[in-house]
Ligand code: NAD
Ligand code: MG
């Protein structure tokens, strides 16, 4: 039996991962599940999957979790330390599906104990790409991408030599506002931004899809994971979300990965790698679909894409700054403190203010310097939002 743990088990990726594992319980021993506020879901899944331990991120809810697990034999724990402790428990395969920078530490700890890390938490690569890739190398652990585009690129590269790759193209659905004017986008509400035309995902990544901050994070993720020059990375708007990515080779070939917009494909690929196993996803009938569409993204409507390349040109801790500022700007939009287009203004302003500071220039990347930068960027972003509201 393979030992597996799932961090962010109550979220969209976590639940899809549980769906796959629960179909084949005889093959897996579940070590740890973690969640946040959804205590009942966490407890229910931990009991059903017979996990050793269930951890909620919220320390104040430990008693509630204990009560929900009473008599089941599943251990209850709470808080960020407890999540890191659970990630240190030996497992063969660990799903990193916490949303935001909070996902970095458990991923690092899982790699340190030698697990294969299935990485949905793109923020880990954005904030600390060199650190997480270096930890995998040092500890002999493997990272498998779970973001659909990166799984698609990874699959397109099997048996290929990176030196023959000329470009990596990741697609973007365009999100909720792909056909909206700039004026309408300026007035968009969090509710409008929270529904995705093709994918069913957590609220934060859905809003990030509408602003293309998600694609901006993914451009950085591509550079960090595949270690290619950022000039090689392109974004293509593809409203149908069926071609997830394309790899362009030096002989002119473009290898496209085509599949239904269902995260269980990328999760299942990472779960069974290097094999392929039958997955419960739709089989596409291209004759019924008929046509697929592609166009260049409009950088005026999606400034996040321009910022991603600026961040990559800065290097070092600029990714941690970018992600943290984006998380605070997103909070500000969700809480109606700033407008939809102001999210990019906040992030750009934070990058500008901090690019002059010592913090961003500090070349050494450790968990401490990343955390420090993250805190400073959050504080600066809150100041910028307060100034915008003055
Ligand atoms: P979600 O909001 O549905 O779930 C997030 C999970 O993280 C929940 O279990 C929540 O309890 C937990 N969590 C939230 N804040 C936490 C904190 N501070 N500490 C510990 N746990 C915390 O999110 P999601 O859509 O499943 O996305 C998870 C990650 O996967 C994100 O990094 C996202 O970018 C990435 N991703 C998601 C999808 C998708 O289809 N949903 C696709 C590609 C990549
Ligand atoms: Mg993606």
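Positions of Cβ are set from backbone N, Cα and C atoms, glycine also.
These come from TrEMBL:
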BINDING   10, 11, 12, 13, 36, 38, 121, 123, 202  NADPH binding site
BINDING   122, 148, 149, 173, 196, 209, 214, 215, 218  1-deoxy-D-xylulose 5-phosphate binding site
BINDING   147, 149, 218  Mn(2+) binding site
DOMAIN    4-129  domain '1-deoxy-D-xylulose 5-phosphate reductoisomerase N-terminal'
DOMAIN    143-226  domain '1-deoxy-D-xylulose 5-phosphate reductoisomerase C-terminal'
DOMAIN    259-379  domain 'DXP reductoisomerase C-terminal'
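Shown on the structure are the features that TrEMBL records.
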{"residue": "10", "record": "NADPH binding site", "Cβ contacts under 8 Å, 6 or more apart": "35, 36, 38, 41, 42, 45"}
{"residue": "12", "record": "NADPH binding site", "Cβ contacts under 8 Å, 6 or more apart": "200, 201, 202, 205, 263"}
{"residue": "121", "record": "NADPH binding site", "Cβ contacts under 8 Å, 6 or more apart": "8, 96, 97, 98, 99, 100, 103, 104, 107"}
{"residue": "122", "record": "1-deoxy-D-xylulose 5-phosphate binding site", "Cβ contacts under 8 Å, 6 or more apart": "147, 217, 218, 221"}
{"residue": "149", "record": "1-deoxy-D-xylulose 5-phosphate binding site", "Cβ contacts under 8 Å, 6 or more apart": "170, 171, 218, 222, 244, 245"}
{"residue": "196", "record": "1-deoxy-D-xylulose 5-phosphate binding site", "Cβ contacts under 8 Å, 6 or more apart": "173, 175, 176, 206, 209, 210"}
{"residue": "214", "record": "1-deoxy-D-xylulose 5-phosphate binding site", "Cβ contacts under 8 Å, 6 or more apart": "172, 175, 205, 208"}
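Checked against ligand 1, the binding-site residues 10, 12, 121, 122, 147, 149 give 10, 12, 121, 122, 147 in sequence order as having a Cβ less than 6 Å away from one of its atoms. When averaged over the domain '1-deoxy-D-xylulose 5-phosphate reductoisomerase N-terminal' (4-129), pLDDT in the model lands at 98. The Mn(2+) site is defined by 147, 149, 218, and by the 8 Å test on Cβ atoms against their centroid, the other residues of the chain that qualify are 122, 145, 148, 150, 170, 214, 215, 217, 221, 222, 245.
For residue 218 (1-deoxy-D-xylulose 5-phosphate binding site), the number of other Cβ atoms no farther than 10 Å from its own Cβ, over all displayed protein chains, is 27. Every protein chain shown contributes to the tally, and the Cβ of residue 36 (NADPH binding site) ends up with 18 other Cβ atoms within 10 Å.
Of all the binding-site residues listed here (147, 202), it is 202 whose C-beta has the fewest other C-beta atoms within 10 angstroms. In the three-state DSSP scheme, residue 122 (1-deoxy-D-xylulose 5-phosphate binding site) is classed as helix.
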